[in-house]
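Participant: What Swiss-Prot records for this protein is below:
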ACT_SITE  ASP72  active site, proton acceptor
SITE      ARG12  site 'Important for substrate specificity'
SITE      THR73  site 'Important for substrate specificity'
SITE      GLN155  site 'Important for substrate specificity'
Amino acid sequence: MPSLYLASGSPRRRELLTQIGVPFTVLSAQIDETPFDHETPAAYVERLALGKAQAGLSVLPAEQQACVMGADTAVVLDGRILGKPVDEADALAMLMALSGREHQVLTAVALCDRQRSDTRIVTSRVRFRPIQIHEAQAYWTSGEPADKAGGYAIQGLAAIFVEGLQGSYSGVVGLPLCETAELLGHFGIPCWQCLEGDKS
């Protein structure tokens, strides 16, 4: 079985991958995340996920039997990607734009080894209730929005804004587990390895 590496600094992706019982090692993979002109959100997240996986693979010894996972998430409103907020004003503008509306969250996950690569893209729809400006300001002071695509974390304090979700909850958090498990299986890496040897 190949060794699995996760090319991501996201603690949320580490937690999700741990949740499905897959051992892995974290790698640092820095790539340029600037969107191309006229690039669709789906093409953008797929390119970044694959780029992270390939960048991670490139730092490993060539003789090592390894598989590297990369992932990327984008929050999309009216066809526009909402990245991580640069400051408080940006975060508040994002939250007020999302207020009372439905938006899309696209997450791509990619796996690659020395012979091949494969990707999955999962699109979910999230609807926010109306958000008051004082709520958005209070949420900013929590520190939670600063490093999150779209300026919010569905698994955190922003859960109270969510009226509904269609799609993959784990995908919105940062790693769609159903599709991730399918990809891992194609590369010979089973989930639930934590259960091996437990015959009781």
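Any Cβ shown, glycine's included, is placed from N, Cα and C.
Worth saying up front: this structure is predicted, and the values here are computed from it rather than measured.
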Participant: Only counting partners 6 or more residues apart, tell me which same-chain residues put their Cβ under 8 Å from the Cβ of GLN155 (site 'Important for substrate specificity').
Facilitator: ARG12, VAL173
Participant: Given the recorded positions ARG12, ASP72, THR73, which one's Cβ is surrounded by the fewest other Cβ atoms within 10 Å?
Facilitator: ARG12
Participant: Three-state secondary structure of GLN155 (site 'Important for substrate specificity') from DSSP?
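Facilitator: Note: GLN155 (site 'Important for substrate specificity') is coil by DSSP, not helix or strand.
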